[in-house]
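Everything below concerns the one structure shown next.
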Ligand SMILES: Nc1ncnc2c1ncn2[C@@H]1O[C@H](COP(=O)(O)OP(=O)(O)OP(=O)(O)O)[C@@H](O)[C@H]1O
């Protein structure tokens, strides 16, 4: 059931990330033009090289026409002029090669750096978005935006821009040369243009549909894989492999079918084009051949016919390439629209224009939750009129039923979300007035599953902040009692951790995250189920670390295990978004409510373990 809900949610989220509107080409070019301006010189160089490369390429058939008509057909034994023609032909070939190479390189350079800038801006923007955004959008879609969508923009430069300039100019040059050679035959050839355009347009809309379908299905597939990877332990524990395999198979097949349809359409289009090209050549040979033979009183030199046949073949290539760019342009437009729609998202939680800059060392650590009410976007109210005041340096334990709102309460203190009603103050400052940068220096958070990055132990403790010295890190680890564990590792503090610290035990990861707290020294410390995943021996280690870390700091500890919070100055019991019991461990036991029941339960479990 839970799985079905998860999948339904994944589908809902995936749908949210799909573009509903048609691609907007003008806004796409406007979006990119700002980036292109920065590389205007490189683009100018690209256009100049393109012009030279095309001229060098298209003059080659013209030279052959001269050789045929002025030398070979008239039987002129002028070897020196033939030699000159051959030499020029060779020089043109080399120039066409060199300038095409340069043109490609210049375009690549500009295109790649634009894409790198967009990717960087996108990543920076995503990291600034509020948690409500990440609740809505699955990480798989975001990975697609940062990887495939930026790649689609890359292809826009490599293929679309290249083709529009190179092939567009080639077409114009070919027409000029053909008119110059024989206007009448050119006009005959132009009859073919509406037919070519008609076929291109007919395929275009079908190709667009097949392309978008394939992209949508790929995006769903990626989102599904990302969610499965993130929840692999749950899948294995609940033996969901078969169900997931079935669901993956359905998505995979659906993507496969969309891909096949897309490829089939492309192949059909290309082959139809080749047939049309050959028909056009036959048409030119028929019309031009009669003229060469002097039928109907018209005359045409053989060299001109030869050049025409070459130009007609060359004429079809660029049209084909340009129309082939249609789906690349489509994908780039969809990608740009998607990326720019992410850029347009404003974080729900933002700094005020004149946000307070608060030095964390000046903070005593008083926290006031003044009658706060909170609901997640599009969710029901999870915290109702909660009033709580925490003294500087006090340790407050929070327990309660599942879904009572404990984690939501601390998310509000970290300002991952803003309260709907009421206010949260730290030392009298409303947290909405404090700059988020300063707030996150004041409030430190340790979660059940601490996040470790791929990097060394040292990097993970100081969070890649080089201004924190190695000695400070070592001192913090010694203080926490993590030093012996770290020194036993292969390279001590320089041991490289794999992604998310997967090579370490839960307790080791937790100790490293405590060392982080010591290094960054927040004034308020929040622990959200920080000891939940630990065995009792590691829990004792972490508990000892917690006692050291919390000295002199206001500390809020959410725990299911009462042993973690029994010694707290005050314990709160939450239910349905409210505080229903409050007092010290002994006071709450005497009260005989939920806490006392929880305690009896935990004692029962403890006794059972001892007896077993
Ligand atoms: N990101 C979210 N979006 C929407 N609703 C949420 C979100 N996070 C939590 N909730 C809902 O808010 C309510 C309170 O959740 P919260 O995680 O604060 O409870 P909790 O007391 O910490 O529970 P637990 O002890 O199980 O962790 C729950 O009904 C939960 O479904």
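Cβ atoms are placed via backbone N, Cα and C, with glycine included.
Looking at 245-262, 299-316, 317-334, the range tied to transmembrane segment in TrEMBL is 299-316. Checking TrEMBL for transmembrane segment across the ranges 3-21, 22-40, 41-59 points to 41-59. Between the transmembrane segment (185-207) and the stretches 79-102, 160-179, 275-293, 299-316, Cβ pairs under 8 Å are most numerous for 275-293. Of the ranges 41-59, 275-293, 299-316, the one with the most Cβ pairs under 8 Å to the transmembrane segment (160-179) is 41-59.
Same-chain neighbours of the transmembrane segment (41-59): 92-93, 95-96, 99-100, 102-103, 106-107, 109-110, 165-166, 169-170, 173-174, 177, 311, 314, counting only residues six or more beyond its ends whose CB sits under 8 Å from a CB of the stretch.
The domain 'ABC transporter' (367-601) scores a mean pLDDT of 87 in the predicted structure.
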